[in-house]
Amino acid sequence: MSKQVAHSFSSEDFSFIKQKLAREAVALVEPGMRVGLGSGSTAREFILALGERVRNERLAITAVASSRISHLLAQALGIPFLDPALSQELDLVVDGADEVDANLRMIKGGGGALFREKILLQSGKRNIILVDERKLVSVLGTFPLPIEISPFGCSSVEKVLNQQGYIGDWRKTSHGERFITDNGNYIYDVSSPDSYPHPEEDLIRLLQIRGIIDVGFVIAKAEVWVGYADGTVVRKEIT
């Protein structure tokens, strides 16, 4: 099923789409499940919806969050947690993405939690990525590619990246300081190249550079649920 992407959105449209996606995804959660909680605005809506079910239905589940922000929100809603060091497998992981191409390859990490998000996806028996139609692209690269880098030797890592043609900037906070991930690392946002027709090749190349912790490409089996401004949700999966 294919749809045309809408060209005009309001903030109300965005909120409605995210809430609808979250409600449909949270309906899949069953008692006893171990649930992976992603990061970002769409994942936030899922956490809110899950917290409502936990409160209203006394739904007995446990969770692992991919970021401190998601953890604190879920904790405030009364969602119980697993020890992330001991959770080998999750029944369901729900997250968002910054871009998704026609082959369901993605760029993630706009919120700076890409390393932990990818660990949860690796652990998930079923992975669902929730996006609105704006996130669909023909080729990845419109959104800057986040790379998580160790502070130790970060300048030399940047030099190697630049030599290989990956040009960008260190992510900064609103106060102008370097953004630090929950793992204590930096994020380097690559803006050039601005097109990745073969992200698998770039991923392999980048992970060979010492000092790079992880890269924002996600090339993994996942369902992608796309919400449209007319209220429909299309579920995509590469089989």
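Including glycine, each Cβ sits where the backbone N, Cα and C put it.
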S39, G40, S41, T42, D95, G96, A97, D98, K108, G109, G110, G111 show up in Swiss-Prot as binding substrate; which entry in K20, K125, K135 does that record put in the same site?
K135
Simplified to three states, DSSP reports G110 (substrate binding site) as coil
For substrate, residues beyond S39, G40, S41, T42, D95, G96, A97, D98, K108, G109, G110, G111, K135 with C-beta within 8 angstroms of the site's Cβ centre include exactly G38, A43, E117
Tell me which residues of the chain lie with their Cβ under 8 angstroms from that of G110 (substrate binding site), as long as they are six or more apart in sequence?
G40, D98, F143, P146
Out of S41, D95, K135, give those binding-site residues positioned within 10 angstroms of E117 (active site, proton acceptor), comparing C-alpha atoms, in sequence order.
D95
